[in-house]
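As given in TrEMBL:
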TRANSMEM  59-87  transmembrane segment
TRANSMEM  107-132  transmembrane segment
TRANSMEM  153-177  transmembrane segment
TRANSMEM  245-269  transmembrane segment
Amino acid sequence: MVITRPEMEIGRYHWMYRSSRPHRYHHVPALRGNVSPLGIQGCFECCIKCLGGVPYASLVATILCFSGVALFCGCGHVALTGTVSILEQHFSTTASDHALLSEVIQLMQYVIYGIASFFFLYGIILLAEGFYTTSAVKELHGEFKTTACGRCISGMFVFLTYVLGVAWLGVFGFSAVPVFMFYNIWSTCEVIKSLQTNMTVPGDQICVDIRQYGIIPWNAVPGKACGPILENICNTNEFYMSYHLFIVACAGAGATVIALLIYMMATTYNYAVLKFKSREDCCTKF
């Protein structure tokens, strides 16, 4: 039996490729979204998605609010204690004259404890509400869904934040009053020092009367300090610490006002978007 050349080529083809059937290509389904070929989201995609759901405005406001409230409460508490000590030693030696003021200051210190506790909880709640509304607005977890209860809660936070913002404007203005008082005393002491240096007018004629501010009654003794006595008061550690602590407390109140303003803008925007997207005829995405 003679094997022809074409038959030899066919045999070699079967030996090399084992089969004469053509290669079959399997259909690979198209990838959706940011899914890797293994069917699992990559680390980078997960990080981007998580960072997209962070309410940066609420986060900055929370940090600023915590810092401002901490400065206001901590520095204000210590400064009030130093103020009482200065009044008792130099301006009102009779305990009955400043008894009411001492009770008011003690009450304010207890109020400071309550303010610190309240804003610690309120800041955390607002931050959590910011995470919720941001995720809902950006539709990070599927199709947008919201309820009337959720919108009502967001609206309540908007109203409460506006009320607290107006209240803290009053607190900020009130915290500037002791700064003004201590600044007047400090500037008077600087005038006395300059007069002593220039030898023009004796410093005994320059006085500071605390009774004119209304914090102690007019019959308080001595009620005022003049000349070297006033200069000694300004050189005490209690006056120096109280003055600067009141300044820091006022700055903390201002930082809290700014934080509440940021909260107002963030919560109002999120509530408006939730309200708009909950409408059935809504066809536009922000």
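In case you wondered, yes, glycine gets a Cβ from its N, Cα and C as well.
Tertiary proximity for the transmembrane segment (59-87) is limited to same-chain residues at least six positions away from its ends with a CB under 8 Å from its CB atoms, namely 98, 101-102, 105, 108-109, 112-113, 115-116, 119-120, 123-124, 126-127, 130, 171, 175, 178, 210, 215-216, 233, 236, 238-239, 241-242, 245-246, 248-249, 251-260, 262-263, 266. Listed as Cβ neighbours of the transmembrane segment (153-177) (distance under 8 Å, sequence separation of 6 or more from its ends, same chain) are residues 72, 76, 122, 125-126, 129, 133, 246, 249-250, 253-254, 256-257, 260-261, 263-264, 267-268, 270-271, 274.
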